[in-house]
Amino acid sequence: MATNYNEKLLLNYVPVYVMLPLGVVNVENVFADPETLETQLKRLKEEAGVDGVMVDVWWGIIESKGPKQYDWTAYKTLFQLIARLGLKIQAIMSFHQCGGNVGDIVTIPIPQWVRDVGDNDPDIYYTNRKGTRDIEYLSIGVDNLPLFAGRTAVQLYSDYMSSFKENMADLIEAGVIVDIEVGLGPAGELRYPSYPQSQGWVFPGIGEFQCYDKYLKKDFKEAAAKAGHPEWDLPEDAGEYNDKPEETGFFKKDGTYVSEKGKFFMTWYSNKLIFHGDQILGEANKIFAGLKVNLAAKVSGIHWLYNHHSHAAELTAGYYNLFKRDGYRPIARMLSKHYGILNFTCLEMKDTDNTAEALSAPQELVQEVLSKAWKEGIEVAGENALETYGAKGYNQILLNARPNGVNPNGKPKLRMYGFTYLRLSDTVFQENNFELFKKLVRKMHADQDYCGDAAKYGHEIVPLKTSNSQLTLEDIADAAQPSGAFKWDSETDLKVDG
């Protein structure tokens with residue numbers, strides 16, 4: 001492909017990745033259809049000019065046979081195919097179950113030998129107030145308990161990442177694997193499984209707190225006693241999955257969430273999540289430090305009830321975000337300690353996409369989260385939340401990628417680090433869809449040709465630095481002080497249909 005660049009405009013370039021199908025390596029650990037994938041990837045590379053792909057590397061597939069019995073064969077074959085085609089790889093360390101969330105068309109559980117532990121001790125799973133277990137990811141309560149053939153949950157994740165590094169060293173060394181996104185919760189996101197469709201949640205329900213397993217219960221009681229309130233228990237008045245905030249004692253106006261007890265609980269609940277991310281990213285940093293690779297973690301775009309005073313859906317997911325308390329900057333500060341990238345979602349959504357009763361505000365949410373990450377000095381990448389094929393969604397993605405547009409004289413003030421398109425399917429290649437998708441990639445690239453040298457657009461990957469300091473409660477409290485967002489233009493200056 002002949003290339004033609006304007007060097008200053010190239011500094012506005014946002015690389016585009018495409019997420020591979022969930023079952024590209026199937027549950028039997030077989031790369032089942034390399035021919036079809038190769039044909040599709042060639043078209044993405046040669047006709048659309050995409051920069052790379054993102055792929056889930058499922059724990060439930062790799063370590064399915066037993067503790068430390070890792071089998072990377074199918075993934076090595078897949079990655080070698082991708083490398084041969086000249087594409088880069090964003091690899092997700094997927095420690096969660098596939099199945100039970102939006103868009104999950106295949107089922108890949110966590111390893112059977114881990115689930116066997118859960119048969120005898122179901123408290124290893126996140127649990128709601130009624131006692132219903134969520135088996136898609138292990139509870140934070142067992143992060144440091146040696147319940148898994150002598151290993152803790154964090155050791156399971158750490159050993160897996162070490163094995164990945166050893167087995168993929170040549171591809172990391174060659175600059176093919178550029179990002180390691182560390183799964184930190186359900187759907188690979190740093191959150192609690194507060195809105196599981198498998199338990200009957202429907203949009204825009206408030207969701208439920210997921211901290212009623214015996215391990216987290218004990219942790220909370222100890223924290224409450226230490227704070228001088230041994231009588232405090234976990235919330236009993238926070239409602240059920242599909243309630244509205246005003247129907248609950250916890251989230252209603254002047255409800256429990258604004259009381260001393262409610263604030264204590266929310267601080268504990270959200271801090272557990274942030275320290276969970278901090279510990280596992282710390283392990284990932286130890287493993288990958290010194291290698292030319294980026295670390296990343298994904299934060300969920302919980303845009304519904306954002307305009308309700310309680311932000312109930314965010315609170316149940318573990319994001320303690322209110323009009324007068326910043327729930328996202330503390331996460332960004334935690335990531336900054338490990339030189340991590342914040343990966344966000346729902347970039348395609350507009351406030352008008354949902355009914356008024358959802359009190360949904362994805363545009364303001366994206367603006368808030370991206371701004372807070374940039375204020376903490378870290379990079380932000382992102383993806384669309386739902387399948388998107390139209391100009392309206394693409395133009396919104398382009399606006400978020402460069403909120404103040406292209407700078408003809410060099411690097412723009414605000415620019416996302418990368419965009420990952422969800423997801424590769426036959427529908428993408430339908431004629432009109434593919435033509436528009438090609439335009440999206442071209443506009444993301446600031447109307448420049450595909451550029452294989454990331455240094456030319458300011459993305460040279462340097463060896464990952466060692467985590468710089470211990471995250472403290474003071475760090476979180478400081479970052480939680482409210483601060484404004486950057487200004488966004490009303491629309492992108494590079495429309496796909498403009």
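The backbone N, Cα and C atoms fix where each Cβ goes, and this holds for glycine too.
Annotated in Swiss-Prot:
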BINDING   D56, H96, D104, K298, H303, T345, N384, A385, R423  substrate binding site
ACT_SITE  E189  active site, proton donor
ACT_SITE  E383  active site, proton acceptor
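Annotated features, which come from Swiss-Prot, shown on the structure.
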residue : record                       : Cβ within 10 Å
D56     : substrate binding site       : 23
D104    : substrate binding site       : 16
E189    : active site, proton donor    : 24
H303    : substrate binding site       : 26
E383    : active site, proton acceptor : 23
N384    : substrate binding site       : 22
R423    : substrate binding site       : 18
Give me the Cα-Cα distance between D104 (substrate binding site) and E189 (active site, proton donor), rounded to a whole Å.
15
Whole-number Å value for how far E189 (active site, proton donor) lies from N384 (substrate binding site) (Cα to Cα):
14
According to DSSP, which kind of secondary structure is D104 (substrate binding site) found in, if we only use helix, strand and coil?
coil
